[in-house]
Amino acid sequence: MIAAPLDAVADSKGKKPFYSHLYVQVLAAIAAGILLGHFYPELGTQLKPLGDAFIKLVKMVIAPVIFLTVATGIAGMSDLKKVGRVAGKAMLYFLTFSTLALVIGMIVANVVQPGAGMNIDPASLDPKAVATFADKAHEQSIVGFLTNIIPTTIVGAFADGDILQVLFFSVLFGIALAMVGEKGEQVVTFLNALTAPIFKLVGILMKAAPIGAFGAMAFTIGKYGIGSIANLAMLIGTFYITSLLFVLVVLGAVARYNGFSILALLRYIKEELLLVLGTSSSEAALPGLMNKMEKAGCKRSVVGLVIPTGYSFNLDGTNIYMTLAALFIAQATGIQLSWGDQILLLLVAMLSSKGAAGITGAGFITLAATLSVVPSVPVAGMALILGIDRFMSECRALTNLVGNAVATIVVARWENELDTGQLARALGGESEDTSTAGLQPAE
């Protein structure tokens, strides 16, 4: 676990000064990056390596964090049937809310119509601008995605940092440890001991988060400019507001039903949220999120299964974006889609969002995969939103992160693997929801 604050930085009341909190430092770094990128764009674009280097540092520890969390969690299970049960419940949750996110994006696009009146001639669009994404989309398939989960070698899975491959091996290894009983106890003891320095390393790496966030934000604003947002402000605003309402209303209702406050959860994971905002990478927050969910009372076995799987299958923000962006392109190019066309779009999106999971730029690639199958909407229309996709990706990643945090608590509660008292303490008990209603045990 990450070490407690040092006495040297504590004030007379035993609290850390506000500027020593990671979320304050990241927030300040984001603001500084925006200012530098806006006023000195050339310098801002040159700072891209800072963000890239930080993300690589975090990716370096993702595989061992997943392996240790999953393997030790499953090895400690007395009933191995729980592994299948947890995975099944998690997939049911993912399917339900991923589909709901797709439907919400479609409904909002029909009601708000952010692309109406643009009157873009599809023939004037440059298909070369999105050719790379379209090619990657054609390379993806459900069968290929599923077979790729199985690593060619154990070392290869860890070397490549493929989350699902590492998860696949970790689950099998954890089951094997549990099955050998006493013979595997020394291995479990070693892995448990190894967990402490690995999470300590995560804590050390997180100290560089402000530098990474500063460089990534300076690059984004320097390269694309704040002005690029204004050109498609309607789409960006619609997407951000829809995602915010999805988190507060839909996930908020799920949270309330399961005995905790979504606002309290957002406060609890604020450092991870700001990290995602600064780097536009949800992977950067994966180790910290897993650590915090375990500290919040979710059993390690549940955390280890739900969060890494959710990073590929529970992409609420990406799903809202897919249907909203697809209908925006249709509206902007003056293409009228029937309800039959939209239902086809929805069904294809449900499949393509899984087939391209875990790829860099997954949101844009899954959109290309969807449009390439639905003939009514031109794939070249993606050129309209290519310039603002970086700004959209931050909202996608933030929504995905919150969705996976909620999913972890819910699945843990369903499995009676949630310490509700510890959850209440972790979330702070500051919101009225948690202080008055309390946390009820799973039924």
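Cβ atoms here come from the backbone N, Cα and C positions, even for glycine.
Transmembrane segment is the annotation Swiss-Prot gives to one range among 139-159, 265-285, and that range is 139-159. With a cut-off of 8 Å on Cβ pairs spaced 6 or more residues apart, the transmembrane segment (161-181) and the transmembrane segment (57-77) reach 3 or more such pairs and are scored as touching.
Highest Cβ contact count with the transmembrane segment (17-37) among the listed stretches 57-77, 92-112, 201-221, 320-340, 368-388 falls to 201-221 (criterion: pairs under 8 Å). Listed as Cβ neighbours of the transmembrane segment (201-221) (distance under 8 Å, sequence separation of 6 or more from its ends, same chain) are residues 2-3, 22, 25-26, 28-30, 32-34, 36-38, 41, 43-45, 47-55, 57-58, 60-61, 65, 271, 274-275, 277-280, 284, 287-288, 291, 390-391.
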